Structure formats: structure tokens, C-alpha cells
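Read through the structure below, which is laid out as C-alpha cells, and then see the notes.
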Amino acid sequence: MRKFNIRKVLDGLTAGSSSASQQQQQQQHPPGNREPEIQETLQSEHFQLCKTVRHGFPYQPSALAFDPVQKILAVGTQTGALRLFGRPGVECYCQHDSGAAVIQLQFLINEGALVSALADDTLHLWNLRQKRPAVLHSLKFCRERVTFCHLPFQSKWLYVGTERGNIHIVNVESFTLSGYVIMWNKAIELSSKAHPGPVVHISDNPMDEGKLLIGFESGTVVLWDLKSKKADYRYTYDEAIHSVAWHHEGKQFICSHSDGTLTIWNVRSPAKPVQTITPHGKQLKDGKKPEPCKPILKVELKTTRSGEPFIILSGGLSYDTVGRRPCLTVMHGKSTAVLEMDYSIVDFLTLCETPYPNDFQEPYAVVVLLEKDLVLIDLAQNGYPIFENPYPLSIHESPVTCCEYFADCPVDLIPALYSVGARQKRQGYSKKEWPINGGNWGLGAQSYPEIIITGHADGSVKFWDASAITLQVLYKLKTSKVFEKSRNKDDRQNTDIVDEDPYAIQIISWCPESRMLCIAGVSAHVIIYRFSKQEVLTEVIPMLEVRLLYEINDVDTPEGEQPPPLSTPVGSSNPQPIPPQSHPSTSSSSSDGLRDNVPCLKVKNSPLKQSPGYQTELVIQLVWVGGEPPQQITSLALNSSYGLVVFGNCNGIAMVDYLQKAVLLNLSTIELYGSNDPYRREPRSPRKSRQPSGAGLCDITEGTVVPEDRCKSPTSGSSSPHNSDDEQKVNNFIEKVKTQSRKFSKMVANDLAKMSRKLSLPTDLKPDLDVKDNSFSRSRSSSVTSIDKESRETISALHFCETLTRKADSSPSPCLWVGTTVGTAFVITLNLPPGPEQRLLQPVIVSPSGTILRLKGAILRMAFLDATGCLMSPAYEPWKEHNVAEEKDEKEKLKKRRPVSVSPSSSQEISENQYAVICSEKQAKVMSLPTQSCAYKQNITETSFVLRGDIVALSNSVCLACFCANGHIMTFSLPSLRPLLDVYYLPLTNMRIARTFCFANNGQALYLVSPTEIQRLTYSQETCENLQEMLGELFTPVETPEAPNRGFFKGLFGGGAQSLDREELFGESSSGKASRSLAQHIPGPGGIEGVKGAASGVVGELARARLALDERGQKLSDLEERTAAMMSSADSFSKHAHEMMLKYKDKKWYQF
């Protein structure tokens, strides 16, 4: 029977509707204007959404475990997440459905299983023998709270301590409770009426499995005999207990207490401890007890054959060490090493050579789980150096403020970045290899290079190799190195927009082919970087200062006497070119003492040594104007072929030629409209005209005379007489407004900076991103007033390309497309010098084209298709080393520039069209060029808004991918905008997701799922099918090490380890059944059926088909064997029956 496919039905419906709409459009247009039919290859079956991998440090860690045979590390978190680490490149992420905090983890050593205890009193058994671990069993305690668990090595019985002081025993194979229970009132002294507190420790004697050591929080320790069901010894101490550890010989144990002391006890001497140690306490001269210290939260005792044992502990510092960082103390013989940590210690484990507790442990390393880091300390080398961590756990080293994802990069890019990044690695690491090396890598078919770039709050930019679902840091760039550090708070307040993180990265623009990098920072600064493998010494850092503010000047100000610069109407049929002009850049203050012409950050004026990697090409800063700080940059684009960078904010747009170090364009948003402004807006402030900006700043000029009325304001001098008192009142009012405006501007900037920092905090959407008042609700109302539109119109999208700009154009030309938050798209044409020799000698002419397109909602992304529907990538300059000794002359360098145009338009016929794909918060449009008619239109969402939209390549075609605020991920075919995928994935819960979600080619996407973790996902069916093969394996068959030899005399005199038949002791036959109301067993999806259900897509179907086929084949084989046996038996029976018949056929009845 043929399988019914609902997707093909939907494709037929959508294709039918799209064809109907196309027919309607064709009826509306004459035959000569019909759009050529483009064959689209993408269908619904090419898309499927699934998570792939999660990278980064586990957010809010709470538990730690290690399998010493499999060499696998497990970390649990407060959000119920489970992260497993093997060799570098082998990682796994799991999530408990309840989301409760993980309080403890226990490996079934070398069994491929893990037990997790959660704060909701549930135990889970995880199966690690599959690439995606799943829960086999769960056990929910109903009447008691779980506080501690202990699973002896090579045992299937799990001891579970509770808050009431009782201990229950669970069979880990069936996850059922045993009837054997250790009650707290039987464990303590019968004469004692006080409750000993929750169970904080359980462990069996290394030499006698029948003796169980139980530690209660109040300070009581009990050695329980499992066979006789009574307490052998009871040890009491005045201070509360936090942890207990055995000596491997089973004759002594050590306890850590809340007063910072360690007590060592002999098993057979319960009266008092053999020794009391206060590691960090001051020893008093008169022999009195040392002063109490902070609690020792955990202690471990590990022995060696060749020397003194190691005592390792966390906490216990003296109370007078105020401000001291958390420490891990390693005591070995007479030496004590205090190792300071950067963050609070959550847990630690000592890695030993043997898994057997009754043998010399021979510790070789300590794993320290910190609040925001994972540290591995080498115990075998002097000074206890740390191992170099190969996992990508430093994503959050500084809070992530933005990120970009690039798939299918040039193949030589990752080796180039790795080579320059390898020089940045610090020294002093342990010389040994990383000891956590379990598991095996996956065998994925995905081979194209992938790079992730993250921008951080401290101004750093990190490049990551993300190929084949792994992550490895390649290179780190510190953008703050070009700026002077503010020495005192007063200087910082004079210029900074924000009080903290003035170097935070907001936008990243990167050209992988040319390796040019451009970043925009929170202090309204832009830095352009060029990649070089040579070290250079920059004598003077090139810089430009730009005044990006549109205001009209008063006549009575000194600056007002100069003729103001004029703007060209955008809608003019003959737009005038914009010649470059040069103006001196001087920092000054206005006549009323307001800060003016001063950037927020100060560039270093001393020579700067730039290491191989990304080196500063140009620094651009927006300056203060009339006491008001510059607005933060909202959009950024760079083109290496043109040598241009453009950026915009809520005031306007500026274009810079970074080859000539000149400003080509400086327009306000209103000036982009010219006479075509549909809102008839006037400049927002009638006080100041725009002053000449930094070196190389250009203003638009036109040949007509400017009316004088345009230069005047209501408060300027005019023919009407004004009373001096009225003027004074007006001036006072203006000063108050300016003061309040400055305060408000800085307050808003601080709020934006704090919002960027909140990417590192688990904030909820409701207090910080209100549904009705947030930065993403710019265009959700169709009835926005002109004042509201004016206050909200910001440059939101920029794109360089060679397109058919005007309706009369017959050949494409370089241009810049500009999108704003009110849904308007402008086109600015670029007239480049004819050859590379003239590039530095002649200016780039910039002029508005007059083309204006409108959409509903803020424009997010723009791209272009050729007549065949292929994506037209912007032109670029191939990378070439610039810092070569024989090429010091700038003109010689420029002659060797070979810009490459990857646009297919050069090979097109003149009559062929292009398509402009424009995506806004609400809708997407495909405009036919040069006619500028709407070929296709799709309303993406009515009730929500698009957060991120990207035009991406997939399966030799292109599509539009969108992520909406309501959690839907959608894809549309191009150019017809036919819906292909619409899946509810993730609701917008905080600004972190909104700021970091991005799509990449080949069906890849990512976002910052927590302040420390990146979640990658795919919307490609092919990747989903191959994902199972790409994932690494956690469990590998390894032989368990041999048990330690007991020795002749120990075996003869009974000095060796005593075994215990736990099955006989805890089984149902001897201990009975546990109460059903005590705990509830919940079967998990991770068994044989769970393994079948865990697989997804075609791989899962094939796996199930193979499994069913194997089972059917096995059954058929068994049936065949049974049938053959029955046939053989039948033949034998027939033969014997025939012989009997021949024997007795001639005999009479009386002869028998």
C-alpha cells in the first residue's frame, strides 16, 4: 500500500494558490510585463526542524560525576539539564522533562548508564549506550525528600538517603524499592530523642561491603551492619557534617564540618576523633582551639603507594579573609597548597587510576566545577598546573552581546584564523594530555566549513570553528586596544554614553572572501579591520569623527552666520553627485558650555603594535553635538570591492571610504526622502544646523539657492520684535529641555547597555520586553501618527549590490539599498572610479537615485536574485597580504586590487530582469527590477512580528527563513514566497534570544539559549537524516580493570575485602515488598521501545524497519528450523510406523 504524504497535498494547495495569484497578477498586467516563470526546486519535504547540538558551559551547574573506566564527565544544572563530556569533540546535551534542579549524579561505572537525583525527589536512570541518551526508568518519592545517593562499584543496589534521616534501597535494574529500610531512630542511640537531621553522606566500608557509613547533618555518624540490621558504632561531634571520606584500608575516615575543621576517626574508636585539623585556622599559642573558619563543604582522601595521602577540600577559609576568592586546598604530607579560583566552587572530584575503593587510588587530577568554569588540576606536577581545556566553555568569558553564523565559508579561512589564534594561547598549562577522553567521534557527511562569530560586552570578538557540529575557538580580537582607558570616573562621565561596558559590540559585518571585518560598538563607534599574517607597528591609528545629527541653527549663534549645507531632494529626476569635501575636525564646546564635537572614546595617539590577525584599518566615531551624545548605531554594512562602509542610526546615515579615509555621505533620515516624504516632517529641533564633521566629511550640495526661511527657527531673530524677558524665558526653557534631553539620552543609552548585559542573565520577557512597549514593536500598528513615525524611523537595514536601480536602467550598477523602521527602502547609487589606479586619486560619487519602495513594518533584510532565481552576492575583493615589505606604497597596493563581482548580472542579457527580496517585520515582497513592480508578496504574520529574517542557500536553491516573536520558524520559497515550513519552536522569552538568533546557509541556525550556551538547530531534512551519524558515541566497550590482589596473608587471615550478597539481603524473598505509597515507578522512553522512538526522520524509520526485518527474519529462521525439525520428526515417525506395520501385518490378534 502506498504511503499517504500530507506534505505533497499541502504543496499542491500552496502551488495552486500561488499559481492562481500569479494568474490574477498576469490579468492585471499587460502581456509584455509578465514575470518570467522560474522553476523552484525547494519543496516542503526538504525541510524539517530539529535541534542538533548545544555548545558552551552548562548554565547554573549543580552536580558533577565521572566514570573512571569510560572516562566520561557528567554535569547537572539547576534547570534540569544534563551535559556529558568525553574526548574533545564528543559532547551531549539532555534535559529532564520536569526542569527540576539536579542535586546528584551517579554513574553505573562501565555500564553505560547514569542515575540522576533531582530536587523534586525523583530518580532517573539514563541509558548512555545510544547517541541520544534517554531515560529508562524513573522513581518518584512521594512521602520523603531525597538528599543523598550512593551506588557502590559493581552493585545494582542504590542507597537513597532522605531528609527524614531514613535510607531506602533501590534496584537500579528494575528501579523498584526494596523492603529493606534503615530508619533513623534505629540508627542513632536509643536514649537520644533528638532527630539527627537529613542524611548527608552514605558509603560502604572499602574492606567490608556489609558495613554502611551513614552521616547525618547534626554531626552524628553511624556505622551500620547490613546483615544484623543494627548499628556497630556511633560517632558524635559538636559541629554539623558536610561530607565524609574513607581511607582505602577501611580503618579510618575523615569528616568535614561547618566550623572549618576536619576530624579523622578510627573505626573502632568512636569516643573521640584521632585527629582534629583546622587547615586555615590560626593556631593559638596557649593551645586553645583555633578560631572557627568557614565551613568545609567537601573533603576527599586519596592514597598513593609511594607517599603520603592527598587530602583535598573546598572551603574552610578564615572569616577574616574578606574579599578573597574561593579556594581549593590540596594537602599532601607537610605541604599545603591553596589554589584560588575565579568563581565559586560548586563541586569537585578527584580522578584516580583505579575504580576500586579498596585499593591505592593513585590520584592524578582534580576536576573542579565552578559557577562559570570547569578547571582540571594536574596533581602529578609540581605547582599543580591546570590542563588546557579543549571544550568550548569560554563563550561567556565576557557576556555575549551579538553573534553571526557563516556556513560554507572559503576552505582556507579556518586554517588562517587558527594559525594566528594559536599564537594567542597562554603558557603554563600542564604538559599532559586531557584525561577525559572517552567516547568516539561521529562520522558525519557534512564537510563544509562553518564559522561562528561572537561579540562581547568587553569589546572582544571571537571566531569559532563550528564545522561538523563541533565548536573550537580559533581567534580572539580585542577591539578596545585602540582606545585609551579612562583613568578616573569624571573623565569617563564626560564622554561616555554608557557607564559600563563602553566597548560592547553591537553589530558585526564580515566578508569571508576578503576577510574584512567591521564592528559597531555601543559608544557609537565603528572599527574596520583588515586581516594580515604579518605583525605591524602602526604609528598613528587612522580615525574619522562624524557629526550625524540633523538640526537647524539659530541665527544668533556664531556658527549660524555660515551658509548651512543643503540637501538634494531624493525624488529629483536629475540627482546631483556628492563631491567629497574636507573639513578640519576640532573638539570644542559651544558658547553655553555644552560638549560639542567630542567622541565618546579617545583613540590612542601612541604607536600601536598589532599582532598577526585582524589589524585596525580605520576608526570612525560619532561625536557629541550641542551637548547631546551620539545615538547608537543600528545598522552596518561593508563592501570590500568598493572599499566602502556605511552605518546608520535613528538620526541618519553615513558612508565612509576607508581607502581614502573620507566621509562620502552624511544624511539625516528625513533628507533621504527629500520632497517625497509622505509624512511631511520637519526637522526635530529648530536650534542648530549640522556643522562640518570630521576629516573628509561630505555634505550634499545642490545648485539652487536656499530659502532663508529654512535656516530660521521660531526662537531666532526675525523682523518681529521680541521682548527681552520673553527671550530670556524661552532661552531658559530651551536650556531646561536640553538638560533633560541629555539626561534622558544617557539614561536610555545606559538602559540599552544594561539590556545588552542582560543577555547574560536569565531575565523573563515580561519585565524587560513588554508586548506593547519594546524595540521590536516598531511597526505593529497600521495607524501610527506622523509624530510617532518620526520618532521611530531608524536605519534598520543596509545592503550593497549591483542592481538595476532606476526604471530606465538597462545595465546594473553599484548601489546601496537602505531600509528603515517604517518600512521604507531607498536606493543610493555609487559611481566608482574607472580603474584600480584611479581609486585613490578620484572620489567615489554618491547620489540618491530617487527610488523609494514601501513595506509594512520595519525592514530587516534585503537581497537580490538574478533572472534565473539565483542569489546575487555582493562583489568582493579577494584577500591578499597587504603588509609585504616590497609593497609599502599604498598606490602599489591598490594597483594589485582585483575586485571580484560574483553577481551573475555581468553575463546577463540587457533585457533580463532582477528581483529584489525585501523582508520586514510583517511581510516580504519580491520586487521586479528595473520595473520596480511587486512580483510576489507574502504577509508573514499579522499578530506577531519577525525578529530575524535571512535569505539563505539550501540544496542549490535559495529561500527566505524567518524567526517570529511568537516562536514560529518559517521558510518561504524564492521568488514566489510560497510557504514551505511553519513550525512552532521557541517563544521569545528574553532579549538574549532576539539579539542572537540567526540563520545560515545549508539549513543551519543558532541562538544563545542561556548566558553561557549556544544552541544550534537545523531546518534541513537532509541534515536531520544524517544527524544520527554525525553525533558522537558516549559509550565504548572497555574491559573493567582487574580487582586488586588480596595477597596470601590477607586471604589467609581474612584481611581482604569482604563481599556481600546484596541480592539475598535486599531481594523481595528476604526483605519483602516496599510500600507502594512510598514511591511511584514511572517507565521511561529509553528502553528498547524508547530507543526505537528516540530515532527521528528517515534514519529512525530505517532503523525501525531494519529492526523489524531482523526480528521477522529471526522469527522466520526460527520457524524454518522448527518446521525442519518437525518434518524430520514426522519422517522418523512415519518410518517407524511403517516398520511396525510390516512387523505386525501378518500376525493374528491372538499372537500379539
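Keep in mind that glycine also has a Cβ here, set from the backbone N, Cα and C atoms.
What Swiss-Prot lists as phosphoserine is SER693 (among others).
Marked as phosphoserine by Swiss-Prot on the basis of a large-scale study or a structure entry: SER724 (among others).
According to Swiss-Prot, the feature phosphoserine maps to SER760 (among others).
Here Swiss-Prot flags THR763 (among others) as phosphothreonine.
Marked as phosphoserine by Swiss-Prot on the basis of a large-scale study or a structure entry: SER783 (among others).
Per Swiss-Prot, phosphothreonine is recorded for THR785 (among others).
For SER786 (among others), the entry in Swiss-Prot reads phosphoserine, with the evidence type a large-scale study or a structure entry.
Annotation source Swiss-Prot lists phosphoserine at SER901 (among others).
Annotation source Swiss-Prot lists phosphoserine at SER903 (among others), citing a large-scale study or a structure entry.
DSSP assigns THR1040 (phosphothreonine) to coil, not to a helix or a strand. Neighbour density for THR1040 (phosphothreonine): within 10 A of its CB lie 13 other CB atoms from the protein chains shown. Annotation source Swiss-Prot lists phosphothreonine at THR1040 (among others).
Around the Cβ of SER1059 (phosphoserine), the same chain contributes GLU209, each under 8 angstroms and 6 or more positions distant in sequence. Taken from Swiss-Prot, the feature phosphoserine covers SER1059 (among others).
SER1132 (phosphoserine) falls within a helix when secondary structure is assigned with DSSP. Long-range neighbours of SER1132 (phosphoserine) (same chain, six or more residues apart, CB within less than 8 Å of its CB): none. If you look up Swiss-Prot, you'll see SER1132 (among others) marked as phosphoserine, on the strength of similarity to another entry.
Marked as region 'Disordered' by Swiss-Prot: 14-35 (among others).
Annotated region 'Disordered' per Swiss-Prot: 555-596 (among others), in sequence order.
Under the heading region 'Disordered', Swiss-Prot lists 675-731 (among others).
Residues or ranges marked as region 'Disordered' by Swiss-Prot: 883-907 (among others).
Note on the repeat 'WD 4' (201-235): residues 148-150, 152, 159, 161, 165, 167, 182, 184, 186-189, 194-195, 241, 243-244, 246-251, 253, 255, 257, 265, 267-268, 270, 273, 357-358, 1056-1060, 1062, 1065 of its chain, located 6 or more positions outside it, place their CB under 8 angstroms from a CB of the stretch. Here the repeat 'WD 12' (861-935) returns a mean pLDDT of 77 for the predicted model.
According to DSSP, SER1059 (phosphoserine) sits in a coil region rather than a helix or strand.
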